[in-house]
Each structure stands twice: as structure tokens, then as C-alpha cells.
Amino acid sequence: MPVARPQAAGPDRISLFLVAFLLGSPAAAQAEDGGPEGEMHPSTAYLLPSASLESSLEEGVTSAAPGLLPSQEALEAMEESLPPALPDEASVQHTPALRKGLPSLKQLNSARRQLRPLATPTTLQRLGSPASATTKLREPEDPEQPTAPAPLQIAPFTALATTLPHSPQPAQAPDDSSPGSPLDKGDNELTGSASEESQETTTSTIVTTTIITTEQAPALCGVSFSDPEGYIDSSDFPPQPYSSFLECTYNVTVYTGYGVELQVKSVNLSEGELLSIRGVDGPTLTVLANQTLLVEGQVIRSPTNTISVYFRTFQDDGLGTFQLHYQAFMLSCPFPRRPDAGEVTVMDLHSGGVAHFHCHLGYELQGAKTLTCINASKPHWSSQEPVCSAPCGGAVHNATIGRVLSPSFPGTANGSQLCVWTIEAPEGQKLHLHLERLLLHEKDRMIVYSGRTNTSALLYDSLRTESVPFEGLLSEGSSIRIEFTSDQGQAASAFNIRFEAFEKGHCYEPYIQNGNFTTSDPTYNIGTIVEFTCDPGHSLEQGPAVIECVNVRDPYWNDTEPLCRAMCGGELSAVAGVVLSPNWPEPYAEGEDCVWKIHVGEEKRIFLDIQFLNLSNSDILTIYDGDEVVPHVLGQYFGHSSPQKLYSSTPDLTIQFHSDPAGLIFGKGQGFIMNYIEVSRNDSCSDLPEIQNGWKTTSHTELVRGARITYQCDPGYDIVGSDTLTCQWDLSWSSDPPFCEKIMYCTDPGEVEHSTRLISDPVLLVGTTIQYTCSPGFVLEGSSLLTCYSRETGTPIWTSRLPHCVSEESLACDNPGLPENGYQILYKRLYLPGESLTFMCYEGFELMGEVTIRCILGQPSHWSGPLPICKVNQDSFEHALEAEAAAESSLEGGNMALAIFIPVLLISLLLGGAYIYVTRCRQYSSLRLPLMYSHPYSQITVETEFDNPIYETGETREYEVSI
């Protein structure tokens, strides 16, 4: 049934106005305050929250009481007078909303904060794209991928909707492809929802708002740098407007052969932000550091000429900031791997550098002998490093000295292997083989022939002879053939045979492993005597210490060379010595039981330094303090152990070693190396040695506990290790003595104000160059290029002092002024160093001095010469004098002529004038010339005088005659 129309200022309209105002719709508020009759402006609409806003919001929204709602006819009239909120009103259908209470102010403010609109540049770029016009709710695609929170958005416009009682329909979403919709221009889709509460309510006011959940796409930004030095500052590249989801990639690429060094100047990131520094090697990205490891001052170097900085943030309240300084540095190839049984010599690791490889005697190089460092985004060697391998057979011509070694690789797939070596000495010489090591498997065989074929005389056959001929083998001629046969899949045999050629009529050169010898004749002729000695820790066995070359017809040594083997126990009384495991450097045998007793001076004690210790877990090494095996044990070791240092309290020390007889089952270790030296027995530490290229100072005369020794290096050397050592309570030093290493780098010369610099190597090694360039408006004073070079004495230094960049005006030369009777070409007030100034003289003057002077750089700058002088030209001066003299002569003649002519002319003019005057005016003239004396007829009156014509005439004539 129809209801009464409410008043314009009814409570329901006030509530609607309040809700619209709180939700931020000025249009709705304006519509509510439209006029006295409550008429709505055609362009206005109500904005009220719908039931689909939030569950909490739904509970706080109720429709007005039926008694306060407009009538059916009034609502239909209002509906016809209002424009639709959307162009296609028919596509949006509404149902009556549930009757809920209006939300409180706190709830609305909370809802507004949660539904804050967030726009992204990606969305803005899609304006006008129908495909992107509508953004729907969607499930997250990948939980592992970081996604931005999906904010709810409120559409900027809503409409007051009515629903007739005979047409209730469920809420529907508008068609995405609806033509002409404003959504096609980039706005978000509007949806509405309502539900019918009761059939008794015929008409109700629908509270509608649109809620859109948008999953934002990130705002992408990419910046590339190619300068050799610069800064990456996040504040220089702010995010696009309305964007809180940002992904930025900063790429720095420098010249090929150079890398990029990043130094962290500052980093201030918010929680959840990601900052990653990556090395770029083609398509491969390698993380060098991330935000968890970045601290101020940290330096990261790229392995190639490109480095990438990736920054990602989800923050909408404020973005993190960071600043990185980058500069180019010269890349180098990695140090090439040294081949086993070989050596490598590297000339330079930078581009163009060369590495040379060679193998020890008996090994052959597999691969290139020389590698070159190739200039690339990541410098690399021209090929793989070669390897040194012992060949299976081979031929040696013109042999002198060499080795035959057991092959490095197994044979065929079935395990069989046949190796043949042919050794030929120069004509007239013979060969001697010394079998330093010969360990053959029971199924392996070695045969040695005195000749090039297997039909030659037999010298040795391992199947026929059980003992090894350690004295060696001599050829009958100039060649030897060695055959080695193995049936093992993995080569178990090991041998090392040394050969040498020698002249007939002489003895061969003797050889002793782990020892040395002296000879009376280096040519080993008849009668030569050789004396052998062993290295420390070894003793002579199986031969005399002295042998002699005998037999003139066929010279040979009167006895075999002895062997030097590591002793299994013994008594040592030297002030210093070495204790080695039995059979060192070969592995010790199983079942060994050795005891060494060391005795030094009575007032001394023993310092034992265990340098290497590698035993099996079933073998035991025990060290006792004293000359008896007593319970006072200094140390007991088994297995592998780090280096140890021990002191005895007496001048005696006992070392006991026991190897397990079942070593073949449980395995054996490699052995041990120990050095000992006698030290002072009093309460002081042993004296420490001097160091090369340095010196030491001692805090006390006696090296008692607490005494310190300080080491220092000569100029040009850096100390490596602790420079100060302290005598500890156990009379041992706190650390090993240091050593001095030659300094191969320069100290940083520093920055130059108003300039930039380019460093070839940030480590500043010898050869590093620094190029300084002044900023515009400044001039470099000094050398622009500094090079670090090494000196024989002293530390490396730079080739010149640090330059300075001074302003052009402060270095300019002032204009020196104009020379008298001269002028300048291209006049200026200031002249920069290097500029020149040219002077010229006026005609008739000659320039004395430099025509052109140059501004010389200095403090202050000055001209290269003084101001020139313009003097009168001598020839011009003489011509001027002659002209002046001629002018004066002509002037004097003219003056004399004028002096004569002018008076004559004046007299003539006077006479002529007088004559003209007299002749023309004598009849009526009353003028008489005055006379110097009184006239005899002065008593005659004037009238009488001039009235007598005869008298006048006579007097006139008489006057003329008198004149």
C-alpha cells in the first residue's frame, strides 16, 4: 500500500545525507540538499553503502522506517527525473536491501581507510582498452610469487536505485562487453547487491555502493647507465603517480674489459622491500648481494662489464631510499690453474697478458703451451689450461737427462696396457738408468733392453728378478728400450726411472735421492771421487759414503750409490735437527715401531715444532718429556692434526711412533715432519731471528715473560703478520715472526676539487693510472695523468704530484696595456693561460720587443715577456728632417720675398689710392694734406683760399711736385 511522502528535512533524509557525506560523495550531499521540496539535480546521486560492502558494514546499515519512506508514485517520479548512474542502466539490476542499522562514524572511517583507492600506472596506461576496462576478482595464481595486497576501491559515483515490488531479481554483474559503457574508458566495473527482506515491504530505499578488488600490476621502471663513474640514487627516479607497487632495474654497462664496482653510500629500506645487486653474464644473473648484506661502505664488484641493481617494493606509505656509487675498474683473467707436475708463469692477468706452461721431467704437456687473456665482457683465457701427463711410451732422441714415469691414464677398456719407451743418446755416448722408484703389481711386468729392439741384450726383467737394481742399469751402446705391460683396469704400478747420457771413457754422473754429493772432477773421469751426504732426517743406507771411478778400459764406479732413507728411530744430539716418519716422503710401512731420543746441552731445553702430521686412526705418535718413556706425556696424536709446538722441561725429549700391523686393512697415513732446536732453559723465551728487509726492537734486555719484540720493515716493504710478539707464560711467543713483503701498490692520492677522475685499478697496484679532468670553467694545474711506478728502494709512488683545478679567472693574465704609438690585435680584458696577445705600431714607428707575448700558467699567471715599445723609425726620421729642412729653406726665401714684396705692395697701394683719390676728387675735395710747418698763407680765410680756382690748382700741382 502507498505510504506518505516524507518531509524535506525528515530524519531519514538527514541520515542519508550524513552517510553520503561520510563516504565522500559531494554529489550525493548536494542532491540531498537540493531544494525545499527535496527535488534532486539531474546530475546528482546518492552514495550509500550496500550490503556487499563488508559484513561489519552490512550489520550497521538499515533502511528507513516504512512510515518515513516516499510513496510509490513519488519514487517513480523521482526515478524518471534522475539520470542513470551508468549509461546502461538496464544491465544493472538491484534487489531490496536488508533492513540494517546505519553505520557509526568510526565504522565508516575504518571502511574508508580499508577501501582507499589505489591506482597504478599500468592501469592508467590501459585507458581506452576494452580488454582492460573491467578488473574482476581473481584467485592468486602462484603463492610463491610476491603479489601486492588487493585493495578495495570505491567507485566515484553511485545512484539512487528503486525496485518495484513486482520485479525482484537477484543481483547480477554487468556484461563485460557492454558497448558504450564508461568502463571501456578505464573505469572500474560497478556491481551492486541487495536482498529482499519481507514481502510486506512494498517499496524501500536501496543503499548501493560498488566494491572492486583490484590486483595491481607493478609500476615498471628501467634506467641504464654507461658513464665510467656516477651514482645510482633511487630518489632521482621516483615512482609514477598513484603507484605503490614498484619494480625498478638499474643497469650499468661500461667498456668491454672493464668491470663495475659499486660502493654503498646509503641504504634505508622499509620492511618487505627488496634490493638485489646482480652480476650479468649473458642471460645468466648471479646475485652478488642483497638487502640483508648491504651496509654503508660495502664494495661489490661485477665479474663482467655489466651490473644490475633490482629494487622492488610494495609499500604505499613511503618508499625506501638508497644511493650507490659506481665506477669502472679493469677486469682481469683469473690466475690459471697450475698443472700437476708442472709450472705456470704469468706475465700479466689483464687483457693481452700471456701465461706460459711447462711440465716437469718425464711429463708431456697436453694442450696449449701459451694462453692469452682475451678482452671480453668477462675476460677469459684463450683456451683451457693444459695438463701434464706421463705418456704411455715414446721416443727420446739425443737424450741427455730425463725421466720415464708410470703412465697417468689406464689402458684400453679391457684393462690391458703396453707402453714402450726408446731412449737414444748422441753417438759415442752411453746411458745410465737409475730406478728411484719401482713398485709393480704382481701381474705387471717391466723389461729393459740394451738397444732399440726387443731382441737386444736384456738388462732387466721384473719377472725374473725379485730385487730392484737400485744401483742402476748401464747400456752397452747408445740406446735403451723399456717395455711396460699391465693387465690392471686401474694402473696399480708406480715407477720413476731417471736416465742420463755420459761420454764413453767416463763414469756416469751419480745420483742420490733425499741427499747430495760432492765430486773432485765434474767430468767424472778416471780417478774421480764422489762423497755423499743425506738431507736432515735421513741416513745413508745400502752403500758407502764415498765412491771412485775406476777401470780405464771401461770406467765404472767401484761401488753403487748409497740410499738416503728416513730413519726409524735413533739418537740425535745436534743443536737442531729433523725427525721424519719412516721412509719419508714415501708412506711409512705397517708394523713400524720407532723411538727417537733427542739430547741437547745440559742448561738447555728442546723446542719441538710439529709441522705436518697425517696418520691413520690406528697409528699413534707419543712425545715424552725426558729421556725415558715415563708418564709425563707432552702430547699424543693420531689421525690428522694441525701444526703443534711443544717445549720440554729438560734437555731430553723422547718420540715414539707405532704403526698398526693391519695398516693394509685400515689404511695408512702419509707420515709426519718435526723440527727441533735447543733453547734456553732459564725463565725467558728463545730469541727470535731477524727478518729480511726489516729489523726488530726488544722491550727488555732479557726475553722474560711479558717481554715484547717489535718488527719493522724497510721503506718500500709492508709487514705481513703480527708486528709485535709477546713472551707468554709458557715461554712461547704469541705468534710466529712476521716477514716483510715488497709494497706493490701506491697510496690513494685523493680527489681533486672541481674535477673527476678515472682509475684503471681501484687496488692501485703498480702500473695503475689515474686520469683527472677538471669541471667546465676550471683549468688543470699540473699533470692530468698519474701513474703508480715501483722503485728499487722505497714504496711505489706516483709519477707526479696531485694536480689542482683552479678557476679560469684566477689564472687569467690581465691586459698589459697599450704601448705608446701602438695598438693591440683582438683586445680583451683577460687572457687565459696559453692565449697570446699581438702588438702593432703606428706608421713611422718601429716595434722594439716581442711582437707576440703569451700568458704563462702560474701563481699568479704572467706574460712571457714585457710590453714592447714603439720607437720612431730612423729612416723615416731622417726623411722627416730633410723635409723639414727643405720646408724651412723654402719658408725663409718666401719670408724674404714677402718682407720685400709686402711693403712695396703697401706703398704701391697707398700711392695708387692717393693718386686715384686726388685725380678723381680734386675738383671738389676740401681736403688738404697737413704740413709740418705753418703755411705762409695761413692768415687767408677759408673762403678766400677755396674760392680762388687758380690758386687751388697751382697749390695742388706744387704739392705734387714737392712730393
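Glycine too: its Cβ is placed from the backbone N, Cα and C atoms.
As annotated by Swiss-Prot, disulfide bond applies to Cys221-Cys248 (among others), with the evidence given as similarity to another entry. All protein chains included, Cys221 (disulfide bond) registers 17 other Cβ atoms within 10 Å of its own Cβ.
Cys333 (disulfide bond) carries neither a helix nor a strand DSSP state and counts as coil. Spatially close to Cys333 (disulfide bond) yet at least six residues away along the chain are Leu349, His350, Ser351, Gly353, Cys373, Ile374, Pro379, His380, Trp381, judged by Cβ distances under 8 angstroms. Taken from Swiss-Prot, the feature disulfide bond covers Cys333-Cys373 (among others), and the record attributes it to similarity to another entry.
Annotation for Cys388 (disulfide bond): spatial neighbours Pro339, Asp340, Ala341, Gly342, Cys359, His360, Tyr363, Glu364, Leu365, Gln366, criterion Cβ-Cβ under 8 Å with sequence separation of six or more. When secondary structure is read from DSSP and collapsed to three states, Cys388 (disulfide bond) falls in the strand class. The disulfide bond annotation in Swiss-Prot covers Cys359-Cys388 (among others).
Residues or ranges marked as disulfide bond by Swiss-Prot on the basis of similarity to another entry: Cys392-Cys419 (among others).
DSSP assigns Cys507 (disulfide bond) to coil in the three-state reduction, placing it in neither a helix nor a strand. Long-range neighbours of Cys507 (disulfide bond) (same chain, six or more residues apart, CB within less than 8 Å of its CB): Tyr524, Asn525, Ile526, Thr528, Cys549, Pro555, Tyr556, Trp557. Per Swiss-Prot, disulfide bond is recorded for Cys507-Cys549 (among others), and the stated evidence type is similarity to another entry.
Look at Cys534 (disulfide bond): DSSP puts it in a strand. For Cys534 (disulfide bond), the same-chain residues lying six or more positions away in sequence with a CB closer than 8 A to its CB are Ile512, Asn514, Gly515, Leu540, Cys564. Here Swiss-Prot flags Cys534-Cys564 (among others) as disulfide bond.
Proximity of Cys594 (disulfide bond) to non-local residues of its own chain (separation of 6 or more, Cβ distance below 8 Å) is seen for Met567, Cys568, Gly569, Pro582, Gln656, Phe657, His658, given in sequence order. Per Swiss-Prot, disulfide bond is recorded for Cys568-Cys594 (among others).
Summarising the annotation, Swiss-Prot assigns disulfide bond to Cys713-Cys740 (among others) and lists similarity to another entry as the type of evidence. In the three-state DSSP scheme, Cys713 (disulfide bond) is classed as strand. Long-range Cβ proximity for Cys713 (disulfide bond), meaning a same-chain Cβ under 8 A and a gap of 6 or more residues, is found for Ile691, Asn693, Gly694, Ile719, Cys740.
Its Cβ taken as reference, Cys746 (disulfide bond) is surrounded by 23 other Cβ atoms within 10 Å in the chains shown. Annotation comment: Swiss-Prot describes Cys746-Cys788 (among others) as disulfide bond.
According to Swiss-Prot, the feature disulfide bond maps to Cys774-Cys805 (among others). The Cβ of Cys774 (disulfide bond) lies under 8 Å from the Cβ of Val752, His754, Ser755, Leu780, Cys805, each of these being in the same chain and 6 or more residues away along the sequence.
Note: Cys813 (disulfide bond) has non-local neighbours Leu830, Tyr831, Leu832, Pro833, Glu835, Cys855, Ile856, Ser861, His862, Trp863, i.e. same-chain residues 6+ apart with C-beta under 8 A of its own C-beta. As annotated by Swiss-Prot, disulfide bond applies to Cys813-Cys855 (among others), with the evidence given as similarity to another entry.
Taken from Swiss-Prot, the feature disulfide bond covers Cys841-Cys870 (among others). DSSP classifies Cys841 (disulfide bond) as strand under the three-state reduction. Sequence-distant contacts of Cys841 (disulfide bond), defined as residues of its own chain at least six apart whose C-beta falls under 8 angstroms from its C-beta, comprise Pro819, Asn821, Gly822, Tyr823, Leu847, Cys870.
Among the features that Swiss-Prot reports, domain 'CUB 1' is placed at 221-329, with the record citing sequence analysis. Mean pLDDT for the domain 'CUB 1' (221-329) in the predicted structure: 84.
If you look up Swiss-Prot, you'll see 392-502 marked as domain 'CUB 2'.
The annotation domain 'Sushi 2' is assigned in Swiss-Prot to 505-566.
For 28-63 (among others), the entry in Swiss-Prot reads region 'Disordered'.
Within 10 Å of the Cβ of Cys740 (disulfide bond) there are 20 other Cβ atoms, across all protein chains. Among the disulfide-bonded residues Cys221, Cys248, Cys392, Cys419, the residue whose Cα lies closest in space to that of Cys746 (disulfide bond) is Cys248. Using Cα positions, the member of the disulfide-bonded residues Cys221, Cys248, Cys788 nearest to Cys392 (disulfide bond) is identified as Cys788.
Here Cys788 (disulfide bond) is positioned 41 angstrom away from Cys221 (disulfide bond), judged by their C-alpha atoms.
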